[in-house]
């Protein structure tokens, strides 16, 4: 069937006077000596990836600020909390519900547009341009003289947030090594929650207008920071910019020489070449594809294949259960909900505390995800959010009178002999659990599960639908509370969270420490059952099998000359 598993490579460089031998799949093994030392140490290798991710995280800091703003604006303009003496704008309950949700209905438009323009513009340029609508929106909010101006500013913030998603999740997924991709992707949640914390804190110590004026500095700093990081090697290869892609990879792996990244760069080229082929050539494993590039219609048809639909369904259902697990729908109304529950802490400072707990939870997620994995983290967080909501509902049904609502001003609340401390603890537990896994895990998966060929468009569409669901969740909260009362809507969220636990247990695979190619091969297997949630490490297992086979032959006294056809 062929020649030996290993053959002596006369052209291979020696290390400390030893020879190397090269086998199938480019596997290199050193004979009688030590492995060559890497050019860059571990810290130097990961440092540029951390720097590039940090520059990207400035965008997410701005995103968190944009999403958090309605939480401090609504109680001020409703006259429930922190209304400035000279403030002339006022919200009715319906107007407040629109301001709290209108940004979310605009985010899908931005997400779809980002998926379309991401390929021609690139990840880096897209992340720079997205700051422009946010700069305009923050300035409009600071000077708003009518509710119409506030709605327009909220729309611009929504468009900007939606446009951010595809370049952000695609960028970090393509620049990171598999061993640290989960950690650096989970940093996104830390940046978002830091944005929440900053806005909630500013809204407590100053007016919402001054808060908007301070927030404008973040997108300005973001534009500067992103100018200093490289474009992703995968995107540059897709545009036939081989030299630029290699330089980008050298930067991202520790500012090393071309030799140090040669093996990884060859793998990227092979992956890019395969991804650029049409689907029939990929299935037939044709090494040369002469078919013309796919049209936009063909790209949309490609999205309907199982290898795209399976990860899409997985991530969308995770998003849906996350939206209905409690905190997302309540977030714009947290101040008034805390007042309605009578927590033994000023409602504004209680809201700041939830943001601080969310920030701590995201740090826990970032540190633990490499060791615990995404699946266990999601199971833990969904279970805790469900139990928190169910407990809050039971507490409210036993303490509050029928029809209790957070939309009304509550001067005094029946604290049930100090049990309001229990309510505060449950809310804080809900905030921590939501941020430790319910919210970050779907976004981390979004950067991993789609094939490279359709990753940008698929990420944009998925993020768009998620924001459409967020709009429905936040906009309908006011109606759900009027229909079922405050305890009833929280009970509904608790039941949805319990269903989410079952979904994660039976259908969520573990992608931690798997390469993007391993994940793509997993979702491309049409014969795999939905409950088969194990992702094989194809290349690592394949190389290990080759190594073991070679060593076993050597133990039997077979040299490295050539095996016969029958032996093979």
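Keep in mind that glycine also has a Cβ here, set from the backbone N, Cα and C atoms.
Because TrEMBL annotations are produced automatically, they should be read as predictions rather than curated entries.
According to TrEMBL, the feature compositional bias 'Basic and acidic residues' maps to 545-556.
What TrEMBL records for 50-512 is domain 'Major facilitator superfamily (MFS) profile'.
Feature annotation from TrEMBL assigns region 'Disordered' to 545-568.
The annotation transmembrane segment is assigned in TrEMBL to 58-77 (among others). If you look at the transmembrane segment (58-77), the same-chain residues 6 or more away from its ends with a CB under 8 A from one of its CBs are 83-84, 87, 89-91, 96, 99-100, 103, 127, 130-131, 134, 137, 141, 150, 154, 157-158, 160-161, 164, 168, 188, 191-196, 198-200, 202-204, 207-208, 211-212, 215, 218-219, 221-222, 225-226, 331-336, 347-348, 351, 355.
With a cut-off of 8 Å between Cβ atoms, the residues of this chain six or more beyond the transmembrane segment (97-118) that come close are 66-67, 70, 73-74, 91, 126, 130, 147, 150-151, 154-155, 157-167, 170, 332-333, 456-461, 463-465, 467-468, 470-471, 474-475, 477-478. Annotated transmembrane segment per TrEMBL: 97-118 (among others), in sequence order.
The transmembrane segment feature in TrEMBL is assigned to 127-144 (among others).
Positions annotated as transmembrane segment by TrEMBL: 150-171 (among others).
Annotated transmembrane segment per TrEMBL: 183-202 (among others), in sequence order.
Remote same-chain partners of the transmembrane segment (208-229), defined as residues 6 or more beyond its termini with a Cβ less than 8 Å from a stretch Cβ, comprise 51-52, 54-56, 58-59, 61-62, 65, 69, 72-73, 76, 84, 124, 127-128, 131-132, 134-135, 138-139, 141-142, 144, 199, 202. For 208-229 (among others), the entry in TrEMBL reads transmembrane segment.
Annotation comment: TrEMBL describes 308-327 (among others) as transmembrane segment. Same-chain neighbours of the transmembrane segment (308-327): 302, 378, 382, 385-386, 388-389, 430-431, 434, 438-439, 441-442, 445-446, 449-451, 454, 458, 461-462, 465-466, 469-470, 473, 490, 492-494, 496-497, 499-500, 503-504, 507-508, 523, counting only residues six or more beyond its ends whose CB sits under 8 Å from a CB of the stretch.
Under the heading transmembrane segment, TrEMBL lists 347-365 (among others). Panel annotation: around the transmembrane segment (347-365), residues 68, 71-72, 75, 81-82, 186-187, 189-190, 192-194, 196-197, 199-201, 203-204, 334-336, 338-339, 377, 424, 427-428, 431-437, 440 of the same chain, lying at least six beyond its termini, place a Cβ under 8 Å from a Cβ of the stretch.
Residues or ranges marked as transmembrane segment in TrEMBL: 377-401 (among others).
Taken from TrEMBL, the feature transmembrane segment applies to 421-445 (among others).
The transmembrane segment annotation in TrEMBL covers 457-478 (among others). Through the fold, the transmembrane segment (457-478) approaches residues 93-94, 96-98, 100-102, 104-105, 107-116, 118-119, 158, 161-162, 165-166, 169-170, 299, 303, 308, 311-312, 315-316, 319-320, 323-324, 328-333, 407, 442, 446-447, 450-451, 489 of its own chain, all at least 6 residues removed from its boundaries and within a Cβ separation under 8 Å.
Counting only same-chain residues 6+ beyond the ends of the transmembrane segment (490-508), those with a CB under 8 A from a CB of the stretch are 314, 317-318, 321-322, 324-326, 329, 374-375, 378-379, 382-383, 385-390, 392-393, 396-397, 438, 480, 484, 530-531, 533. Here TrEMBL flags 490-508 (among others) as transmembrane segment.
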Segment confidence, the domain 'Major facilitator superfamily (MFS) profile' (50-512), expressed as mean pLDDT: 85
Close approaches to the transmembrane segment (377-401) from elsewhere in its chain (Cβ under 8 angstroms; 6 or more beyond its ends): 318, 321, 325-327, 341, 365, 368-369, 413-414, 416, 419, 422-423, 426-427, 429-430, 432-434, 436-438, 441, 486-488, 490-491, 493-495, 497-498, 500-501, 504-505, 508
